[in-house]
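Pulled from TrEMBL, these are the features on record:
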- 62-192: domain 'DUF7345' (DOMAIN)
- 234-256: transmembrane segment (TRANSMEM)
- 263-305: region 'Disordered' (REGION)
- 274-305: compositional bias 'Low complexity' (COMPBIAS)
- 312-373: domain 'DUF7343' (DOMAIN)
Amino acid sequence: MRSVALIVALLTVAAGIAAPVAAGGPSVAGTSGSETVTALDDTTVVAQQSTLERSPQTDIFIELHGDQSASWRVEMRYELESENETAAFEEFAQEYEAGSADVGLDAALFERVSDTAESQTGRTMAIENATTRAYIENQTGVVALTFTWTNFLERTDNGVRLGDAFAAGGGQTWLTSLGENQNLTIQTPPGYAVSSTNLPLEDNAIVIEGPRTFESTDELTVSYVSTGGPSAGIPWGVLVGLAVVVTLSGAAVVYVRRQSKDGIESAPASDNATSSDELSSEPEPAAASDPEPTEEPIGPIESSEAGVDLDLLSDEERVELLLEQNGGRMKQANIVKETGWSDAKVSQLLSSMADENRVEKLRLGRENLISLPDEVEDDT
């Protein structure tokens, strides 16, 4: 009996992630859409009857994939404040992992939800590779459910779209709300970038903190466009242009070195003073030419003294140029303003550059401060 209250609390998370479309439906066994809602009603009613003063912290992580599937992890953390609660949780954890617990997070809940989503979208869906875990970590009881939801995303002409899998019919969604202690994180698929959404975007992921209500699937819609590969956020046209620039630059370097070598070999050997002057002055133009690629873009972003065409620069190079022109530091919002790009594109690009150590990101309140790495290259 000592674990009854705790086990009832475990059902609170189910109420948050699978709230019913219409309460009070008839309790009928079956597989139709309305019967799925009824099954979720029962879970919600049990949760609402709990008299616990505190509720667990719930985090829902959804990692999207280019094959339209989604890897889910629903994790609930419950603070254990007494030996009795710890003992009760340990007892529940053993039963839960053994599959003998009558309550708690399980794949069956999401199988019923996916049946509803399948009927609404017309796509065949399945809940696969479900695993359950329960353990204690730093006086906190953790219950975790992981699984793969196939065909969770909708395929579009330009990429994939999230949203219709949350449909429950009648323009409503089965994910009606997040509680004050519930968070939802949706990770962008590898090789894709966010092209359209009304949801908050942070570090290439949708991050929603409760409390939050959702009245329709439109409020959960996110469109993703393919970037053609792992270098997400960099259009192919820019990559091709960058490849051309690199190739031409390499050829120019080889040509200059050959010309320099020929000039040294053809210099008069009889004039030692002249040869000495040429050799002593040779490092000076070399030092001027070495940093040329980094100094060349400095100036107004529309043009430079060397006449570099900005259309041939990659998005990363344009950001680096903009940072150099502004003392090496800028707010992310100002980068969006200066480039004219969307918030989603800039966030995706800066995350990629940060992973490559091309920029550093510092969180200041609700804003990101972007800066160039504190490195000084020794060209000598």
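Cβ atoms are placed via backbone N, Cα and C, with glycine included.
Under DSSP, the residues of the domain 'DUF7343' (312-373) split into helix, strand and coil as follows: 33 helix, 13 strand, 16 coil. With DSSP classes pooled into helix, strand and coil, the tally for the domain 'DUF7345' (62-192) is 34 helix, 54 strand, 43 coil.
When pLDDT values are averaged over the domain 'DUF7343' (312-373), the model yields 83.
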